[in-house]
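Have a look at the structure below, then the notes.
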Amino acid sequence: MSFTPGKQSSSRASSGNRSGNGILKWADQSDQSRNVQTRGRRAQPKQTATSQQPSGGNVVPYYSWFSGITQFQKGKEFEFAEGQGVPIAPGVPATEAKGYWYRHNRRSFKTADGNQRQLLPRWYFYYLGTGPHAKDQYGTDIDGVFWVASNQADVNTPADILDRDPSSDEAIPTRFPPGTVLPQGYYIEGSGRSAPNSRSTSRASSRASSAGSRSRANSGNRTPTSGVTPDMADQIASLVLAKLGKDATKPQQVTKQTAKEIRQKILNKPRQKRSPNKQCTVQQCFGKRGPNQNFGGGEMLKLGTSDPQFPILAELAPTAGAFFFGSRLELAKVQNLSGNLDEPQKDVYELRYNGAIRFDSTLSGFETIMKVLNENLNAYQQQDGMMNMSPKPQRQRGQKNGQGENDNISVAAPKSRVQQNKSRELTAEDISLLKKMDEPYTEDTSEI
């Protein structure tokens, strides 16, 4: 007598639609209206349009009785301990609990940023003697197949289990006996979260409800999910990650401490590997402008490669091959001026080069390039000329325009000649007054 998962052994599979206890229809194994041709064991697989996987991925023409287990961490092996790994199915005795997990390589899709993302594989369980490897013996070394069986099962004979017809039988949420250790980096579809290494049956079944239902696995009726695609969760996760990645590239506020760290990091690099920016200016990286370093002026000296005009100039920069093979090179030993005298001296060499970059008016952005070059070539000469010009005479505090020549005249009128701080010769009248001040004072007693 053949057994039907999800039903008691005394009952036979019906040809009509059903919604039994603990049964859930999954979107990756949606039912299609079709005629039932056979109900016997090892029936010919029935392919449907939903079993075809576009955009890559292998075809799964067989419908598993259970929901899949999806990988969410790369590099994790799918494996169970001996005697574990067979899902619980009402109506299936322990002697028939034997089969294999089949790896389904899913398709890739385009993310929000335009890149192709390969979905991690999903594993489905098939009873021994059914599914894509129905003719293979238990334990055969097959890539993408992991064999499992209970301790009571005889793996030398196929399981007496019917194939699932999605038009009448719905997929069962995957549950395991207590003590089953799930593979690391995998989660059970429909559980709503990644599965830890050890999970009891009650906890696994409590998270096997559909997205729109709060009922538990022991409820009488469960509403089938609808409007859900098998890879919707992965697509949503990828979109969220892409969004986070985009937001993460937004410019962050740079503090004095971080600016100092960035500057020091740039200066620790060899001179020919430095890229000046806002935190480490051109002068800090390469020194002041002069005859030997004659490019840069104005904002470009402050912003360096962060200047909006710099990218168009970078198009003119030679490649490494053009630098070495298209230039005149000369190796010269120079004096080491760095380090203390008590430190061991190092031999310092300069690879001097002389070359040219040729371009014409047909170059894209030619006018802009010429404008930027004219503004920055030998710009230090104009800056030095402006600094060497005689500064405009500044008027003193409290001095009005037009009174610059009268340096000794105060704006406010002095109260006395002493405040003017000016010297002059004594007149005869002054001498007469001084003599009278020296004479003794006598009271005038004459009558008027």
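Just so it is clear, glycine is given a Cβ too, placed from its N, Cα and C backbone atoms.
RNA binding, as stated in Swiss-Prot, involves Arg122, Arg164; the candidate among Arg106, Arg107, Arg175 given for that site is Arg106. Counting every protein chain shown, the number of other Cβ atoms lying within 10 Å of the Cβ of Ser167 (phosphoserine) is 17. Counting other Cβ atoms within 10 Å of each Cβ, the modified residues Thr174, Thr427 show the lowest value at Thr427. Tertiary neighbourhood of the compositional bias 'Basic residues' (266-276): same-chain residues 282, 284-286, 304-305, selected by CB-CB distance under 8 Å and a gap of 6+ residues from either end. Per-residue pLDDT, averaged along the region 'Dimerization' (266-384), amounts to 87 for this model. Ser167 (phosphoserine) sits 135 Å from Thr427 (phosphothreonine), taking the C-alpha atoms as the reference points.
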